[in-house]
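According to TrEMBL, the protein has these features:
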- 13-95: domain 'Shikimate dehydrogenase substrate binding N-terminal' (DOMAIN)
- T68, N93, D108, Q256: shikimate binding site (BINDING)
- K72: active site, proton acceptor (ACT_SITE)
- D84, G132, A133, G134, G135, A136, I226, G249: NADP(+) binding site (BINDING)
- 122-200: domain 'Quinate/shikimate 5-dehydrogenase/glutamyl-tRNA reductase' (DOMAIN)
- 249-279: domain 'SDH C-terminal' (DOMAIN)
Amino acid sequence: MAEKCYRSELIGLFGCPVDENPTVVIMEAAFKALGLNYRYNTMLVYPENLETAVKSLKALHMKGTHITIPHKVSVIPYLDRLTDTAALIGAVNTVYEDHGEMVGENTDGKGFIKSLEDEHIKISGKKAVILGAGGAARAIAVELALAGTRKIIIVNRSPDRGETLVKLINEKTTAHAEFTLWEGCYNVDEDTDILVNCTSIGLYPDTNVPNIDYNTLKFTTVVCDIIPNPLHTRFMAKAQACGCKTLDGFSMLINQAAVSFKLWTGIDAPVEIMKMAMMKENGDL
Ligand code: NDP
């Protein structure tokens, strides 16, 4: 009789609040599909317990964890090291074990880039406009710059965050970045190749759309929304009405999870199965 193993490899999700985060659905579907003896555990970690929780990763022999609000920045001092991109972005959404070390990585922007690549959208030499300058915008701007984007315009309501992100891109990457203060309605330059909504505008149950002049959108601009829920945002519908190709936040969500999955298991994630599992969970199937 073959020797049995009753221990599962453990992955966490540390957040606060975290109860409503559905990532466990796609991860467990992926483990099951590949016959992996892994468990994904959604864990409520209060800020004052974050250090203890991170130390427990080694104590419990865990493969790693996802990190979500409000810990993406505050987790950094408790890790053994960061990848170069996580260090640039200044935030971590994935921790993985590498030769006994707990390494911080950020897969949000990588998931976004993968979504563009899957649709054969060229990044190198292009001009991107990013609405927002929060954590997700930071990850996406850095990854776009590293992927060869020529020019990045950061459009944000509050100048501090926008200018900080522009400085980061200009000082640490080869891309050229500029800041535009978002006051009133924003006109999209006609030579914009990629426009990304990185604000939280439109996230369920919000039905608002970013305040841009949709008449200035050219059909040659690829319009991306990173809002994962709802699947089809009003922002995307308005861009489609202008003839633009669109990309949704759901594919970015799945792709960032897929990158993390590979870091934990060493195996390519079954992306289509993960998509189906989430769509079923959301009642979209
Ligand atoms: P942050 O809170 O860090 O940033 C929010 C950004 O939205 C800021 O730039 C903020 O501007 C801007 N913003 C919010 N409300 C308004 C408004 N009414 N008008 C203009 N600007 C506004 O959030 P994150 O960057 O972490 O997340 C942003 C969104 O991205 C969330 O909805 C999240 O669900 C989604 N997301 C999706 C992922 C995916 O995989 N699809 C992954 C990660 C995030 P200001 O600086 O002026 O406050």
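Every residue, even glycine, has its Cβ placed from backbone N, Cα and C.
Predicted automatically and left uncurated, TrEMBL annotations should be read as such.
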How many angstrom lie between the most widely spaced Cα atoms of the NADP(+) binders D84, G132, A133, G134, G135, A136, I226, G249?
25
Using Cβ-Cβ distances, find the residues under 8 Å from A133 (NADP(+) binding site) that belong to the same chain and are at least 6 apart in sequence, listing them in sequence order.
I154, N156, S158, R161, G162, T164, L165, C198
Once the chains shown are all counted, how many other Cβ atoms turn up within 10 Å of the Cβ of G135 (NADP(+) binding site)?
19
Would you list the DSSP helix, strand and coil counts for the residues of the domain 'SDH C-terminal' (249-279)?
26 helix, 0 strand, 5 coil
Running a distance check here. Ligand 1 versus the recorded positions K72, D84, N93, D108, G135: which have CB less than 6 Å from one of its atoms?
D108, G135
What number of additional C-beta atoms lies within 10 angstroms of the C-beta atom of G134 (NADP(+) binding site)?
15
Per DSSP, to which secondary structure element type does D84 (NADP(+) binding site) belong, with helix, strand and coil as the options?
helix
Distance, Q256 (shikimate binding site) to G134 (NADP(+) binding site) (CA atoms, angstrom):
17
Please compare the binding-site residues A136, I226 by how many other CB atoms fall within 10 Å of each one's CB, and tell me which has the fewest.
A136
Compared by Cα position, which of the binding-site residues G132, A136, I226, G249 is the closest one to T68 (shikimate binding site)?
A136
Applying the rule Cβ within 8 Å of the centroid of the Cβ atoms of T68, N93, D108, Q256, what extra residues of the same chain belong around the shikimate site?
H66, I67, K72, T94, N106, T107, G111, A139, S260
What's the CA-CA gap between G249 (NADP(+) binding site) and Q256 (shikimate binding site) in angstrom, rounded?
11
Using a 10 angstroms cut-off on Cβ to Cβ distances, just flag whichever of T68, D84, G132, Q256 is the loneliest among these binding-site residues.
D84
How far apart, in Å, are the two Cα atoms that lie farthest from each other among T68, N93, D108, Q256, the residues recorded as binding shikimate?
13
